[in-house]
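J.: Sending over a structure as structure tokens; questions will come in a sec.
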Amino acid sequence: MTSAASTPDTSRPEARAQVQPKAEGWEQQRTAEGRPLLQFASPRVKQPPQHFADLSLEERQTKVKELGLPAFRAKQLSTHYFQHWTTDPDAMSDLPKAGRGELVEGLFPPLLSEVRRLRTDDGNTIKFLWRLFDGALVESVLMRYPGRITLCVSSQAGCGMNCPFCATGQAGLTRNMSTAEIVDQVVAANRIIAAGELGQQEHPDERVTNIVFMGMGEPLANYKRVMNAVHRFVDPVPMGLGMSARNITVSTVGLVPAIRKLADEDLPVTFALSLHAPDDELRDELIPVNNRWKVDEALDAAHEYYRKTGRRVSIEYALIKDMNDHAWRAALLAKKLNQRGRGWVHVNPIPLNPTPGSIWTSSERHVQEEFIETLRAAGIPTTLRDTRGKEIDGACGQLAAAE
Ligand code: SF4
């Protein structure tokens, strides 16, 4: 319990430095008015070939019928892909041999080719770099924890949100990823786990249990395809991957109309708002989409998500030295959250790596502690993310990419 004597005095801004966000080593694209450019719509570029995972079960049945096969073949093919994670025609011995190769090739065009794989020493974290059909590069990160395996997926090639700390944002948005490109990251990860390539296996039936949309891109800017992918994740085996919706985290930097839409879906996913600052003055610079939807609007939408779904919301907050880590900001954040009620929200401060010479560097330990204590003293459940949390957030809403 926190005694009143140890509660930090946050009644007035302390006389600490205020570092302003700015891009380092690259120029942020700006509008004529000098605001960071935001791109909401994907450029009209060639889309990847249609893949089995782009289709709902009914669409898959229609597709196989169009190919002159009975509808039940759709279920067999679903079993191969969503349950056995295979697209190898030789493994599909329940399908007629004649024409099997062509059928499978047509339904499962390769979408991701592996460019690079980085593995931590203990083998429990693997980062993948994938090349898409048009040469665009995206990442996913696979992490083993006791009792669960999490995959951080990308939802767009590039990103249009132009956050000054983020390498992904530099080149703008290349295009939205297709539903199947998103799903195939998980299927590929399941194959790798099944092959025993992720650290020490706990049991032979292991697979991805948790998905976080915190890779490249702003998921809610690619709303329809991301939602379709979530359906593939939660649809029961073999129609989909049979995962629990609550183990899927959809994060956003604050696209308010899309948050409202998400709250109306019948999909109780975990929702995370990458806030990083409670005041518009700082957040306008740190998360440029704040120029469109302000902190209070984003928090109202997050609270509405809680009211409609009953799911507690996560607030992501990367602690950056002298930029957003002041105790008065923790107090302001707590005040804004408490104004909307109790028990609806959880704050996850994220420690950064120390980066000497960069403005994007870690808060000092005692400052982190004061920030967390201030939130807790105000009754806000707060958990410092572990260091792998930081790694997974390499692209979105977090700052590892700046390093
Ligand atoms: S931090 Fe996330 S939203 Fe911002 S530019 Fe990077 S990928 Fe996009």
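Heads up, the Cβ atoms here are built off N, Cα and C, so glycines get one too.
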J.: TrEMBL has Gly217, Glu218, Ser274, Leu275, His276, Asn353 down as binding S-adenosyl-L-methionine; which of Ser244, Ser251 does it also list for that site?
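T.: Looking at Ser244, Ser251, the one TrEMBL places in the S-adenosyl-L-methionine site next to Gly217, Glu218, Ser274, Leu275, His276, Asn353 is Ser251.
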J.: Say we define neighbours as other CB atoms within 10 Å of the CB. Which of the recorded positions Glu139, Glu218 has the fewest?
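T.: Counting other Cβ atoms within 10 Å of each of the recorded positions Glu139, Glu218 gives the minimum at Glu139.
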J.: For ligand 1, pick out the binding-site residues Cys159, Ser251, His276 that have a CB under 6 angstroms away from one of its atoms.
T.: Cys159
J.: I'd like to confirm something. Which of the recorded positions, Glu139, Gly217, Ser274, His276, has a Cα closest to the Cα of Cys166 ([4Fe-4S] cluster binding site)?
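T.: Closest by Cα: Gly217.
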J.: Can you grab the distance from Asn353 (S-adenosyl-L-methionine binding site) over to Cys163 ([4Fe-4S] cluster binding site)? Cα atoms, rounded to a whole Å.
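T.: Here the two Cα atoms are 18 Å apart.
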